[in-house]
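As given in TrEMBL:
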- 114-533: domain 'Major facilitator superfamily (MFS) profile' (DOMAIN)
- 152-174: transmembrane segment (TRANSMEM)
- 181-200: transmembrane segment (TRANSMEM)
- 212-231: transmembrane segment (TRANSMEM)
- 243-263: transmembrane segment (TRANSMEM)
- 275-299: transmembrane segment (TRANSMEM)
- 350-371: transmembrane segment (TRANSMEM)
- 383-407: transmembrane segment (TRANSMEM)
- 414-435: transmembrane segment (TRANSMEM)
- 441-461: transmembrane segment (TRANSMEM)
- 473-492: transmembrane segment (TRANSMEM)
- 504-527: transmembrane segment (TRANSMEM)
Amino acid sequence: MNPTCTHTSAAHRAHIGTSDATYKKTMECIAFKRRSRLNVAHLQKAPTVRMSPNFPPREPRLSVSEKAEYEEAEAIYEEVAFDKNVIRHVREDEVSEEQKTIEAKVVRKVDWRLIPILGLLYSVAGLDRVNLSNARVAGINEDLRFDIGNRYSIALLVFFITYFLFELPTTLILRPVGPKNLLNGLAISWGVVMVGMGFINDWRLIVVCRMLIGILEAGFLPCCMFLLSTWYQRFEIQKRMALWYLINLFVSAFGNILAWAIVKLDGAHNIAGWRWIFIVEGAATIGIAILGYFLVIGFPDTMLASGKRQGFTMRELEIILDRIDRDRRDSQPDKLTWAKFFHHVVNWELWVYGFMFLTCSAPIYAFAYFIQIILSTIVDSTAVVFLLCAPPYLFSIIWTVGCAWLADRSRVRMPWMALNAGITLTGLLITAYSTNSGARYFGVFLGVSGCNANLPTIIAFQSNNVRSNSRRSVANGVQFVFAAIGGIYASTTFMQKEYPSYRTGVWCGVATQFLLIILCGIMFLHFRRQNSATDERGEVIQEEESFR
């Protein structure tokens, strides 16, 4: 139950029986009192903290008559806010059209504050993660001898080893450290490492830098997804995740063209073109992360409790928390303890979500790392190869957004996941076995579109079916650990000795898509059985009677 919930509907105002002006002041006082209790509880854990003159905020002043109305209203408010029988029956269809209009305006504000900057930060993370493939085409092979043995595969692989090891720990410290500090601090750090890669003369040091970038990027994706899930309801989240991911796809589409343009700096200040790729893209990452310090927002409950609202009003934050409570009753964070961690991490459902994510991340990384190499067998010009990389990703933007809109509208995810799996495996097989250049390029379109559309779909599927902040933080960490496993899978199954067909890698990618279809069937039967048990025998799912 949300202790800061104000229920600012006309019905609640009428129930309290005060004027609009007094109602507003009353709600401010009640919210102040709740924030004060939260702050006092926090300070009791750290009694040595020195309070600034502006902390806590000053309580609104009330006249004698207003104070009397306030005391009466607070008593009624306490009864309404904490009566579980009253709150449990607040459904979406009971919200007035006026309130829905107000909420839609607040959600649009959240969209603009949250999605663009997170999408931009994740885009530069993706760009920095895969730009080794651009450097390979631009000449790093000749300078650092990445064409000897499996050096290139090793450089790809070590990134995912550290990514795998540090993903869950990074996710678990997001709440204590805060999104603004953690996300931007990580981005600045890997940007510095990326710039340093432009001045390295030994392939082994490139490998070390890739390991460092793996550590720093490890928790970025799950942290972004966890933050997004605390602001939105379940059946509006995939559209937002798709828009967030759309920015990454757009950057991926033009990232190769950008790399081609950067390579034109070859020889400037006696620096090779492939080195400029690392220097320019690393510097851009640092600049965007500095901007992120001013734009990234925190968790709505934390912002309300601390009084640091970052451009939102108190009522807007309470509206967001009310919407989350109506949807799944978990707007307030439950503290993640070791007991809860071990209870959640052994839940087999979380591991299924992880394997599902592996099935989309493996082909995504395969295309990201090898699309230039595949296209180089179709055309001879390096410039044309970079240009041909863009259209498949641009088309995938349209397909990803369309899938997200239809999935949110229909309120189902698994049929779209299975459809995209079929599209992906078809594209992989065409790319591997067709001898026609146009057909192979068409296969790239299908493969890139199918696997990229499944990424926000699978993330939304997990977010829809996991309740409580502690369980979701563990679920995100577990799920995105499999992103690293997918990267390892892709980088080791696409073997240089099988160039240019990469038959082993292709069939391993096809196997992941069949696995996804099987997992969808298993989860469909499992959820249907759970919902039937709840409806017929009153069994409770994830500690909430209304959760389905």
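Positions of Cβ are set from backbone N, Cα and C atoms, glycine also.
The transmembrane segment (473-492) makes contact with the transmembrane segment (212-231): 3 or more of their CB pairs lie within 8 A, with pairs spaced 6 or more apart in sequence. Beyond the transmembrane segment (383-407), the same-chain residues lying 6 or more positions past its ends with a Cβ under 8 Å from any Cβ of the stretch are 134, 137, 238-239, 241-243, 245-246, 249-250, 252-254, 256-257, 259-260, 367, 371-372, 375-376, 413, 416, 420, 441, 444-445, 448-450, 452-453, 455-457, 460. Between the transmembrane segment (152-174) and the listed ranges 181-200, 243-263, 350-371, 414-435, the one holding the most Cβ pairs under 8 Å is 181-200.
Simply put, out of 243-263, 275-299, 350-371, 414-435, 414-435 has the most Cβ pairs sitting under 8 Å from the transmembrane segment (504-527). Where the transmembrane segment (181-200) meets the stretches 275-299, 414-435, 441-461, the count of C-beta pairs under 8 angstroms peaks at 275-299. Across the domain 'Major facilitator superfamily (MFS) profile' (114-533), mean pLDDT in this model comes to 87. Highlighted: of the candidate stretches 243-263, 275-299, 414-435, 441-461, 441-461 has the greatest count of Cβ pairs under 8 Å to the transmembrane segment (350-371).
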